[in-house]
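*Asks:* Let me begin by handing over the structure; questions about it come next.
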Amino acid sequence: MTEYEGPKTKFHALMQEQIHNEFTAAQQYVAIAVYFDSEDLPQLAKHFYSQAVEERNHAMMLVQHLLDRDLRVEIPGVDTVRNQFDRPREALALALDQERTVTDQVGRLTAVARDEGDFLGEQFMQWFLQEQIEEVALMATLVRVADRAGANLFELENFVAREVDVAPAASGAPHAAGGRL
């Protein structure tokens, strides 16, 4: 077997980085979900456990894309995540910041694919761009609702139970290596 020489293109290298970012995001959402569970906020906990699975699935979609293109994949470790929050709004604000960062990362991936003439890579990233619009909008809404609810966390929980859909991945989503959880 020959020794791995690293990514073939800048897009491939950024895809490897994004796999790391998505797995780290999944772990961060588990930490946020556990925080909400510890605060007896079951609706928020349920939502963030679901978000963690979604982020894991995103990582595996990236893996599958690279495998489909006969490119080597390295499964990375994850960064340390934040576990302590003073109040629910703080955890929600972190999630919003994280989604905005991911949006920037996905935009950069798409631009690099275009710059390199990687039309397959650019087309693949289009689904992720649309997904990020939805994710940022939802997290921004949750932060606003938390601000309005103030100390009345029951209102925030009611909003999540009533308005936040824990739905399966949208049709047209890329396949995830090993299947979606």
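Note that Cβ sites are derived from N, Cα and C of the backbone, with glycine treated the same way.
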*Asks:* Kindly point out which candidate in Glu17, Glu90, Glu99 is recorded by Swiss-Prot as part of the Fe cation 2 site with Glu55, Gln132.
*Replies:* Glu99
*Asks:* Figure out which of Glu22, Glu74, Glu116 sits with Glu55, His58 in the Fe cation 1 site per Swiss-Prot.
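*Replies:* Of the residues offered, the record points to Glu22.
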*Asks:* At the Cα level, what's the spacing in Å between Gln132 (Fe cation 2 binding site) and His58 (Fe cation 1 binding site), rounded?
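*Replies:* Answer for this pair: 11 Å between alpha carbons.
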*Asks:* From the centroid of the CB atoms of Glu55, Glu99, Gln132, the recorded Fe cation 2 site, which same-chain residues not already listed sit within 8 A by their CB, in sequence order?
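*Replies:* Same chain, not in Glu55, Glu99, Gln132, Cβ within 8 Å: Ala25, His58, Gln98, Val102, Thr103, Glu131, Glu135, Val136.
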